[in-house]
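**Student:** Okay, here's the structure, questions in a sec.
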Amino acid sequence: MTVTNSTQYFSLGAYFDTGVFKPLYFLIVLALYICIIGANVLLIVVICVNRSLHEPMYLFLCSLFVNELYGSTGLFPFLLVQILSDIHTVSAPLCFLQIFSVYTYANIQFSNLAVMSYDRYLAICHPLQYNTLMTSKKVIVLIALSWSIPFIAILILICLTASLQLCGNIINKVYCDNYSIVKLACSDTTVNNVYGLIVTFLLIISPVFLIFYTYMKILRVCFSGSKQTRQKAFSTCAPHLASLLNVSCGCCFEVIQNRFDMEFVPKMLRIFLSLYYLSFQPIFNPVLYGLNMTKIRIIVCPADLLNQLSTREDQMEAPLFTECPEIYICHVTVWFWYQQHK
């Protein structure tokens, strides 16, 4: 990269004067960041501490929650500083670091979701062979690949972008974006564009196709099975599909905004939608899985357990608790306590 005074830093052109609302925007973003940290750390600790959750599905969830912390940390501290600042500039090295963080976060997100769909496919379509096919070693390998491949791919992407000679330094976003920098280049960007398409296909489109393929197989098994099988499959797969749709919609708008003229869309709406998958996905996933995954919900919210006890006192043998001895023991203990104090 040819370093001149104009390319040692970038100006973020999407910011505007918020006047007296600056402290309010700062507190809103700070509160959201605190909620993201709290929710994800809570679920990571719950999964790590409770041996009953040391199963492939929950380990993949733990990887997903760690990625939410990683991605939000690459964005929110930067946003908080920029909101309070009167001059919205960022040094080139810091800008490329943020691009690396944001892009790896998005690609790891799709990789994690693809691995989780594969896990659900084996659990539902091949239940008898599941423990043989999804071993502890395989879980570690899948998690390592879902992180390492995006890291290597995006590192190469950043190196290609950093080697360009730039003729401007204004990025019309509230955070650093790779394609916005590529558009500032004076030199030929064919290699960057081709490599970007390859990365998009391999790390985003391919995982999405894998997810749809596995869920087509899962749906076929579910519709041919019993009602209980369909309910159990739906309870474990619905959060995953909701998470996929949420992040996919956010990423689609970001791609559309980069490739096409969106001046007809109000500026505030463009800013909100460009930040959507980076700011709401990290809080959406822990809330979604925390509320829908029964084992996690019972550990995190004991009150939910008491509500079940008060309405189902005669159902001590419920499959939910007999699936896991530790939760069953907890259930019995709390049930006796409830009977003595009600």
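For all residues, glycine too, the Cβ spot is worked out from N, Cα and C.
Features from TrEMBL:
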type	residues	note
TRANSMEM	24-46	transmembrane segment
DOMAIN	39-289	domain 'G-protein coupled receptors family 1 profile'
TRANSMEM	58-81	transmembrane segment
TRANSMEM	139-164	transmembrane segment
TRANSMEM	194-216	transmembrane segment
TRANSMEM	237-256	transmembrane segment
TRANSMEM	268-289	transmembrane segment
**Student:** Within the domain 'G-protein coupled receptors family 1 profile' (39-289) only, compute the mean pLDDT.
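**Tutor:** When the pLDDT values over the domain 'G-protein coupled receptors family 1 profile' (39-289) are averaged, the result is 88.
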**Student:** What residues in the same chain, six or more past the boundaries of the transmembrane segment (58-81), come closer than 8 Å to it by Cβ-Cβ distance?
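**Tutor:** For the transmembrane segment (58-81), the nonlocal Cβ contacts are 26, 29-30, 32-33, 36-37, 40-41, 43-44, 47-48, 90, 98, 101-102, 104-106, 108-109, 112-113, 115-116, 119, 139, 142-143, 146-147, 174-175, 275, 278-279, 281-282, 285-286, 289, 293, 295-296.
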